[in-house]
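Worksheet for the structure shown next.
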Amino acid sequence: MKRSISWIQEATGGQAVFVEDKDRMISSVSTDTRSLQQGALFVPLVGERFNGHQFLSQAMEAGAVVALWSELEPIPKGCSIPLVVVPDTLTALQQMAKKYREELAIPIVGITGSNGKTTTKDLVAAVLGQAFRVHKTAGNLNNHIGVPLTLLSIPEETEIAIVEMGMNHVGEISLLSQLATPKVAIVTNIGESHIAHLGSREGIAEAKLEILDGLQQDGTLIYDGDEPLLTEKVRQIPQTQVRVGWGEMNDEMPVDVEVLGTEGFTFQSRKTRHRYRLPLLGRHNMVNACFAIAVGRFFQMSEEQIAQGLLHVSLTGMRLEMLTAKNGAPIINDCYNASPTSMKAAIRLLQEIEPMKEKWALLGDIRELGEEWEESYHRELGAYVIEKGIHKLFTVGDRGKWIAEGAQEVGNDPSCEIIHFSSVEEASKYIDKIGHPQALILVKASRAMKLDQAIRSLVEGA
């Protein structure tokens, strides 16, 4: 982007100080001095435990040429770069994102859902990238700060952008969708993530469907047609609908599936009978691929172009990533995050692939389920581990202990060894000691459990 101080003022209604040239241009926007680039606008945000205004000098040293500034903060004396003073820097960031997005005038694909947002984003980007210049959300910058930064980072030559939208509370997706105004909206599924804040799966469905608040009137909603909560709530919307899933009532579904072990799947589109190769683990990813297929068709791509995109997809890290431990054991690294739904999907995957190997699972806490739900969900997962015939279950964390106890309650089968560890380090040392090439190990928990440290220890010996 190339925008002037005058443009920043117009977008935010702010007042500029220390300005010699209102035509001075910014080339990027940053809230973090550690990654700020030369020529950037620095946006100092304020939170409960931090105040970005304290880092103005670091921002200038890193190359910031302009900064936003809250009117509640004292104006620093002798500042060497222009400041645009605004009532609230976060609101100003969002205002700039909205204005910049309107000026780009390109179609945006907005993606939300309880699980699979990032993988679906990567699949959609891989497909559209076969025919268009695309830009997608980096990592998981998908909240009220990340989405504005994503919009402001879209290169002006971009033809289609893919924007991931996450949330914790009611109203967040509505705001993000109205900033992005997507042409296509995807709701991947309704799970249990954030049920502590939203109270029920019905509440989660309503929050995810806030993406409709910004969906263009002539746009298309692509959603999980297997989820009755979604099907019922979108019945009366004016936009075109495409239902994706496993049920016969869907507009698109994977059929004639061939499992390729750790190499993924091939499947046919029920709609066109074209066969696709998907180099990803997990049956649920075939549905995510169908979301991407539907998006490709919306933008008039050929089946062969879509197939090439799926074949060459590259996923954001720690999502069903195949690694090898230094003791030779293959590892499924899925420790970026977790919910009960995604945990069950990963356990089911562990059971289904590599039938000649022992199946081991290192599982930990799932966060943000709330006191009312969390114990029952974790114990249910333990029972599911036994149901799927997993040979060894290792758990860590206070909530992870419930998984072990849930398995023990139903698991009279001596073929399943169940051990709870007091720390990630203790668990990784034990698995490193007993692991071998014929043991396939799943590692999964919420990000806060830091099971990536166990992965690093097992793979690198760190």
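Cβ atoms are placed via backbone N, Cα and C, with glycine included.
All TrEMBL annotations are machine predictions without curation.
Pulled from TrEMBL:
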| type | residues | note |
| --- | --- | --- |
| DOMAIN | 26-101 | domain 'Mur ligase N-terminal catalytic' |
| DOMAIN | 111-295 | domain 'Mur ligase central' |
| BINDING | Gly113, Ser114, Asn115, Gly116, Lys117, Thr118, Thr119 | ATP binding site |
| DOMAIN | 318-447 | domain 'Mur ligase C-terminal' |
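Features as recorded by TrEMBL, highlighted on the structure.
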residue: Gly113; record: ATP binding site; Cβ contacts under 8 Å, 6 or more apart: Thr120, Ile186, Val187, Thr188, Asn189, Ile190, Gly191, Lys208, Asp224
residue: Ser114; record: ATP binding site; Cβ contacts under 8 Å, 6 or more apart: Thr188, Asn189, Ile190, Gly191, Glu192, Ser193, His194, Ile204, Lys208, Ser339, Thr341
residue: Asn115; record: ATP binding site; Cβ contacts under 8 Å, 6 or more apart: Thr188, Asn189, Gly191, Ser193, His284, Ser339, Thr341, Ser342, Ala345
residue: Gly116; record: ATP binding site; Cβ contacts under 8 Å, 6 or more apart: Thr188, Asn189, His284, Asn285, Val287, Asn288, Ser342
residue: Lys117; record: ATP binding site; Cβ contacts under 8 Å, 6 or more apart: Ile111, Asn140, Asn142, Glu164, Met165, Gly166, Thr188
residue: Thr118; record: ATP binding site; Cβ contacts under 8 Å, 6 or more apart: Asn140, Glu164, Leu315, Thr316, Arg319, Tyr336
residue: Thr119; record: ATP binding site; Cβ contacts under 8 Å, 6 or more apart: Leu280, Asn285, Asn288, Leu315, Thr316, Arg319
- [ ] Across the whole of the domain 'Mur ligase N-terminal catalytic' (26-101), what does the mean pLDDT come to? Round it, please.
- [x] 96
Task: Neighbours of Gly113, Ser114, Asn115, Gly116, Lys117, Thr118, Thr119 excl. site residues, C-beta within 8 Å of centre, ATP - done: Ile111, Thr120, Thr188, Asn189, Asn288, Ser342
